[in-house]
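**Student:** The structure under discussion is supplied below as structure tokens; questions concerning it will follow.
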Amino acid sequence: MLAIPAIPSLGLIILMLKLVESPRWLVLQGRLDDARKVLLLISNSKEEAEQRLKEIKVAVGIDENCMQSIVHVPQKTRNGGGALKEMFHKPSPHVYKILFAAIGVHVFQQICGIEGILLYSPRVFERVGITEKSTLLLATVGIGISQTLFTLLSSFLLDRIGRRTLLLVSSGGVVVTWLGLSISSAIVESSKLGEEPLWAIVFIIVVMYILVAFVAIGIGPVTWVYSSEIFPLRLRAQGLGVCVAVNRVTNVAVVTSFISIYKTITLGGTFFMLVGINALAWWFYYSFLPETKGRSLEDMETIFGKDSKSEVQLKFESNNA
């Protein structure tokens, strides 16, 4: 069991040998010719590649008409110096909005409650009256199947429907399913031991699968896509690092408190609490997350309220003077 994961890990190592560097990182290092070669590989035409290269150069503070193969980029810019200070010490309004949105999606991804279900599903099923080992195993495997199928579906819908739309549909569905689970769980928990209504148990299993599907199609994968693309180039590495740290800390808080909470306020009460949390998440997605579908990474500051791209170049020139 412990050796089998080494197989896909080895495959990952082999595939990573063929990876090329990000064109944006190459531009940050002043390697314009190498960045152009990568963009030609991933663009639909030479014209598109050149246009994207110009946008990246402007974001870094390089003249968009510069045709040199290698240019000098200040050490501070290459290493992302000052990024954390810019994000947390008197950030500009658009940087604050970006940071707020990125951290917010990661917090709500974890406190939506899905981690408790994925990690403690056998305990949850036992709590609602499923005690037979084979049935427990089958119900738990079904959760994994639902998550896998709808995560794959999400990858096809991200660029067709949009990130914001998927998040709204996902969180809306999660609110409804948690409400159904809270009511049915309360009915089961109020029944005498061994006399739980069969319809309620079946309903809980089915709705739990639907819950996992709603999370897998939006909140789960879109969180990582959205947060990785909204940070401006100079803040991207450090910004996403902060998001990952917040995500993991929140995850630990959720998984270590889930059992204590449902033992204190019952399973039905815990699910009802999650209804409120996910309703708040829906409002957050609706109010603070602009759609990013079809926009380049260099457009993100404009989407979040920056007046013009030229300001980016002016800021870099000022910082690196």
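Glycine is treated like the rest: Cβ placed from N, Cα and C.
Automatic, uncurated: that is what TrEMBL annotation is.
From TrEMBL, for reference:
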- 1-293: domain 'Major facilitator superfamily (MFS) profile' (DOMAIN)
- 6-27: transmembrane segment (TRANSMEM)
- 95-120: transmembrane segment (TRANSMEM)
- 136-158: transmembrane segment (TRANSMEM)
- 165-187: transmembrane segment (TRANSMEM)
- 199-227: transmembrane segment (TRANSMEM)
- 239-259: transmembrane segment (TRANSMEM)
- 265-286: transmembrane segment (TRANSMEM)
**Student:** Quick one: do the transmembrane segment (136-158) and the transmembrane segment (239-259) reach 3+ CB pairs under 8 Å, ignoring pairs fewer than 6 apart in sequence?
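**Tutor:** Between the transmembrane segment (239-259) and the transmembrane segment (136-158), which are separate recorded stretches, there is no contact, as judged by 3 or more close Cβ pairs.
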**Student:** Would you mind listing the long-range same-chain contacts of the transmembrane segment (165-187), meaning Cβ under 8 Å and 6+ residues beyond its ends?
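**Tutor:** Distal contacts: 105, 108, 112-114, 127-128, 154, 157-158, 197, 200, 203-204, 207-208, 210-211, 213-215, 217-219, 222, 226, 266-269, 271-272, 274-275, 278-279, 281-282, 285-286, 289, 291.
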**Student:** Within the same chain, where does the transmembrane segment (95-120) have neighbours whose Cβ lies under 8 angstroms from its own Cβ atoms, ignoring anything closer than 6 residues to its ends? I mean 6 or more beyond.
**Tutor:** 86-88, 143, 147, 167, 171, 174, 178, 208, 211-212, 215, 219-220, 222-223, 226-227, 230-232, 235, 239-240, 242-244, 246-247, 250-251, 253-255, 258-259, 270-271, 274, 277-278, 280-281, 284-285, 288-289, 300-301, 304-305
**Student:** Sequence-remote contacts (6 or more beyond its ends) of the transmembrane segment (199-227), Cβ cut-off under 8 Å?
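**Tutor:** For the transmembrane segment (199-227), the far contacts come to 101-102, 105-106, 108-109, 112, 114, 117-118, 121, 124-125, 128-130, 139, 142-143, 146-151, 153-155, 157-158, 163, 166-171, 173-174, 177-178, 180-181, 184-185, 187-188, 191, 239-240, 243, 281, 289, 292.
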**Student:** On average, what pLDDT score does this prediction assign to the domain 'Major facilitator superfamily (MFS) profile' (1-293)?
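**Tutor:** Summing pLDDT over the domain 'Major facilitator superfamily (MFS) profile' (1-293) and dividing by its length gives 87.
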